[in-house]
Amino acid sequence: MASRNIWCVRRNFLFDLRDWMLQYSAEVFLKSISFRPFSAECDSKDKESLEEEREDLLSNLVTMGVDIDMARRRQPGVFNKAVTNEQELKLFLLSKGASDKVIGSIISRYPRAITRTPESLSKRWDLWRKIMASDLEIVNILERSPESFFRSNNNLNLENNIKFLCSVGLTHKCLCRLLTNAPRTFSNSLNLNKQMVEFLQETGMSLGHNDPRDFVRKIISKNPSILIQSTKRVKTNIEFLQSTFNLNKRDLLLLICGPGARILDLSNDCTKKNYTNIRERLLSLGCSEEEVQRFVLSYLNMVFLSEKKFNDKIDCLIEEKISASQIIENPRILDSSINTLKTRIRELSHAGYDLSTSSIALLSWSQRRYEAKLKRLCG
């Protein structure tokens, strides 16, 4: 009897459980059906809202004078951001003295600027002002290189870089030059800047410099861009100078602390290619290996000239009956453009000045000095 009662209880429980499950499943099914249109409606509203925001963004940017096509090419992802701060950025830059035209140009070339918050911008600006003398100086840098300021919003990294560069003995004047000429230095990771400074210190010591910090200051002051290059590139260029000109440690040290510092950040391929062209061109004009090396060492800026520019200038001078030996003795004349060279050669010829037998140094003089000389020649 007890067994029968237990069986009845179990059967009733199972039937009740089945009824409850059927009822619950139906409710879930009906709820899922009833919620689907609502969910689709929400998605549609969100999409419409996002599209409206993007239309609003485009409208704002056009009003601000932004070149939309340029901005899309450079950083298209910015236009998909749900939140942007273009109006806040405009007000911030206006308060610092930037014109509407400059602001439009900045955003056109670096659209990501509109994703920075006012708080981050203000903090970063204050850090830059510790180096620069005025807001206008910073605005000028942003106009030339907006990426340098807006590329990173890691203000702690910027602050640490400033402290580190001060700690290695860079003067306020040197920091100002860095921020003006190579602002990306301050967006580098702190470790990257440390690696380059340590490399330069070790290089100075290996060449016999008794003050590694002073060596670093000299190199950076002469070539502010060096900190945004790789240690491999700088090392390869130093090795190139040493092997090409057969320099001992003392002479190499003097060279890279002086005029050689400027070419340390050049592309290694560019350095070798340009030097090879200079050498081959001058040898073809009858110059000796010694004359070629003396010519380049006396004015290392020659290495910056591309193959075409160098050859065109040499051809221009040779056509005007100026000898290779005269060019070797006056390398700075190659700083002048071809148009300047041709104009001055023509004017001097009309004034009765014989460049084939007289000094050609005046071809590289400043315009003011040259005009004074020409006036005297013309009587």
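Cβ coordinates come from backbone N, Cα and C, glycine included.
What Swiss-Prot records for 1-37 is transit peptide.
Under the heading site 'Interaction with DNA', Swiss-Prot lists R144 (among others), citing similarity to another entry as support. Non-local contacts of R144 (site 'Interaction with DNA') by the CB criterion (under 8 A, 6+ apart in sequence, same chain) are absent. A helical conformation is recorded for R144 (site 'Interaction with DNA') in the three-state DSSP classification.
Taken from Swiss-Prot, the feature site 'Interaction with DNA' covers R184 (among others). Sequence-distant neighbours of R184 (site 'Interaction with DNA'): residues of the same chain at least 6 apart with a C-beta under 8 Å from its C-beta are S145, E147, S148, R151, I228.
For 229-233 (among others), the entry in Swiss-Prot reads region 'Interaction with DNA', with the evidence type similarity to another entry. Cβ atoms under 8 Å from those of the region 'Interaction with DNA' (229-233) belong to residues 195-196, 199, 264-268 of the same chain, restricted to positions at least 6 beyond its ends.
Annotation source Swiss-Prot lists region 'Interaction with DNA' at 306-313 (among others), citing similarity to another entry. Confidence annotation: the region 'Interaction with DNA' (306-313) carries a mean pLDDT of 95 in the model.
Sequence annotations record features per position, and here Swiss-Prot assigns site 'Interaction with DNA' to R332 (among others). Within 10 Å of the C-beta of R332 (site 'Interaction with DNA') there are 14 other C-beta atoms, taking all protein chains into account.
Residues or ranges marked as region 'Interaction with DNA' by Swiss-Prot: 337-340 (among others). For the region 'Interaction with DNA' (337-340), the residues of the chain that approach it from at least six positions outside its boundaries are 312-313, 316, 363, judged by C-beta separation under 8 angstroms.
Under 8 Å from some Cβ of the region 'Interaction with DNA' (366-373) lie the Cβ atoms of residues 344, all in the same chain and six or more residues away from its ends. If you look up Swiss-Prot, you'll see 366-373 (among others) marked as region 'Interaction with DNA'.
With a cut-off of 8 Å between Cβ atoms, the residues of this chain six or more beyond the region 'Interaction with DNA' (306-313) that come close are 273-274, 277-278, 281, 334, 336, 338, 341.
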